[in-house]
Structure formats: structure tokens, C-alpha cells
Amino acid sequence: MKDLHWHGHATSRLARVEMNGHRPCTIWFTGLSGSGKSTIANALDGWLHRRGCHTYVLDGDNVRQGLNKDLGFSEQDRVENIRRVGEVAKLFNDAGLIVSCAFISPYEKDRHLVRQLLNEDEYVEVFLSTSLADCERRDPKGLYRKARAGELANFTGIDSPYEPPVRPNLAFDTSTHTVNEVVGAIFDYLVAKGIVRQHGAVGRASVG
């Protein structure tokens with residue numbers, strides 16, 4: 001690896017920000033299966049896109065059908081899954097995008113690694129704190145039923161641990177908050193951080 005060198009880009013990050021009209025960031029959704037990560041990530045993505053923001057969603061199931069299809073659900077593979085996604089999110093941020101990442105990401109150390117990969121002021125951790133009981137009651141993919149029946153091993157919350165975030169930027173229980181309420185609160189947070197303005201853009205003077 002010592003013979004590898006990072007090749008600089010002709011287009012600077014600042015130039016991309018000025019063209020896009022907003023700053024890049026990674027919004028990292030973490031929580032149990034069924035807590036609403038993909039639903040809220042996609043709703044937020046649509047909200048931002050309609051306001052002219054350049055966005056993308058990285059979803060756990062989607063990534064495992066391509067980039068990470070060689071990985072299983074052992075602890076080692078889960079760690080590698082999140083590491084790869086963190087690196088992809090970093091590249092997308094370098095390209096100027098607002099990236100919503102929807103991953104169970106059960107281990108605190110892995111989420112911390114992603115935070116360290118990115119610029120601190122461009123990482124927003126959103127913990128969907130919906131209880132195991134509520135998530136299992138929803139069971140949109142039938143995964144909890146399979147895990148309880150012994151048909152699915154290493155399932156988070158059943159026979160594999162989930163470590164709640166120590167200091168998430170935002171936390172919501174989706175059993176008591178609607179999708180629109182959560183999306184609106186996240187958008188307000190992005191506005192407060194200067195990532196976007198209320199109409200979706202950041203002025204040139206705010207970039208730095």
C-alpha cells in the first residue's frame with residue numbers, strides 16, 4: 001500500500017458546493033430491522049431532491065445485492081459491510097452529495113469508524129430507537145418470524161446484539177412519530193447546521 005498515492009481532483013470540493021448550492025453530508029440511520037430506516041431515508045431523500053439537492057440513498061439490502069454480496073452476517077462480515085459503506089459514503093460526499101445510509105449497523109465501534117472517516121460536521125447519526133417489541137410486531141419482511149423459528153441465524157435483536165448509539169445527533173421512536181414528523185425534524189437539523197437552507201440551498205458566503 002505504501003506505493004499508492006491519492007490522486008487529487010481538478011474540481012475542488014468548494015467548487016462542487018458552490019455549483020450544488022448545498023454542502024455534502026452523510027445521514028446515517030441506525031436501528032433494528034423494522035424500525036423505519038429505509039422508509040425514512042427514502043422519504044428524506046425525496047424531500048431534499050424536490051428542493052434541488054443532489055442526493056442518494058445507500059440501503060442495506062440493496063448494497064448486499066452488489067458491492068457486498070460476498071458478505072454474510074457474522075460479526076466479521078458485518079464490520080466489513082459497514083466499513084465499505086463508509087468508504088462509499090465518503091466518496092459520495094467528496095462528489096458533493098447528501099447521502100442517506102440505512103443500515104442496522106449494530107456495533108458502536110463501526111459507527112464510530114464511519115464518523116472518523118468523514119468530516120465531523122458532515123456526519124449526522126440518526127438513531128431510530130423503536131423497541132424490539134414494536135419492530136417485531138411490524139416485521140415487514142417476515143425476518144423476526146424466521147429468526148424466532150430458527151430459520152435465520154445471527155439476527156440482530158434475537159440472537160445477535162444491537163448496541164444503541166452513545167451520542168446520536170438525533171433519535172426518534174417511530175412508534176410515536178410519523179414519517180413526516182421525523183423527516184421534517186431532520187431537515188430542520190440540516191438547516192440549523194448550514195448543510196442546506198430552508199429552500200434547499202446554501203449561499204456562497206456560508207461555504208468554508
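Even glycines carry a Cβ here, placed using N, Cα and C.
Here Swiss-Prot flags SER105 as active site, phosphoserine intermediate, drawing on sequence analysis. In the three-state DSSP classification, SER105 (active site, phosphoserine intermediate) falls within coil. Just so you know, the Cβ of SER105 (active site, phosphoserine intermediate) picks up 27 other Cβ atoms within 10 Å once every protein chain is counted.
Reduced to three states, the DSSP call for SER38 (ATP binding site) is helix. Among the features that Swiss-Prot reports, ATP binding site is placed at GLY31, LEU32, SER33, GLY34, SER35, GLY36, LYS37, SER38, with the record citing sequence analysis.
A strand conformation is recorded for GLY31 (ATP binding site) in the three-state DSSP classification. A count of other CB atoms within 10 A of each Cβ picks out GLY31 as the most crowded of the binding-site residues GLY31, GLY34, GLY36.
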